[in-house]
């Protein structure tokens, strides 16, 4: 019995104290906060990598709209939800495409594919205003082209009948409901983007950069599951604008502001929460 007690004491003292979790696991000696991106960076306009990143955003958003809007049209064409992929399949198409496209483009442009994500990262000073505006323009152009190709495949009749996959607040819900759903859904997405791409986590946990597209795509999937019945799920102003321009009907334009204001508010709240509360960057700067 005495030998057993001695073994327990030895075992208890054999291992050092468990490593602290979270932000306490890494001290300043391991990681230095990168300087904020300049507001204007004219030198970017002379760099091929700047335009290459914009082209990557255009192509990614084009592919995103093409696959997802075609999926929406296919579900709407089916006589029964049981004979199609249904709402779950639509949600998977959006989430799966974001997963694939972020994986493909993250090393080139950062894999934003969404003006709300770009806006949130700009507020956190992760990129310059010049690059943010360029990205948003290219994302919107890609979305318009993607929705246009879908209309070309479906034909005017079917495209009009199935409302072009455009976003609008569904019957039974108010515009306030739609705005709130877009704010919360975009908050979930942008907060996940910040957490999955946090440079401090990347420095500490080598697996984080590899896994980053997965939680981002999964956040998009979950947001769609929750808000498709309310707004069809925007959480991406480029996606909503592209479908609205090609569909071009009054009820799509009447609610268009919701799919810009809501995602931008949600992205701003996510950026503030991550930078001020989670990372506490302003307080570190004062210290």
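Including glycine, each Cβ sits where the backbone N, Cα and C put it.
Bear in mind that the values here come from a model prediction, so they are computed numbers and not experimental data.
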28-48, 133-153, 154-174 - the one TrEMBL records as transmembrane segment:
133-153
Between the transmembrane segment (90-113) and the stretches 50-69, 133-153, 210-230, work out which stretch tops the count of Cβ pairs under 8 Å.
210-230
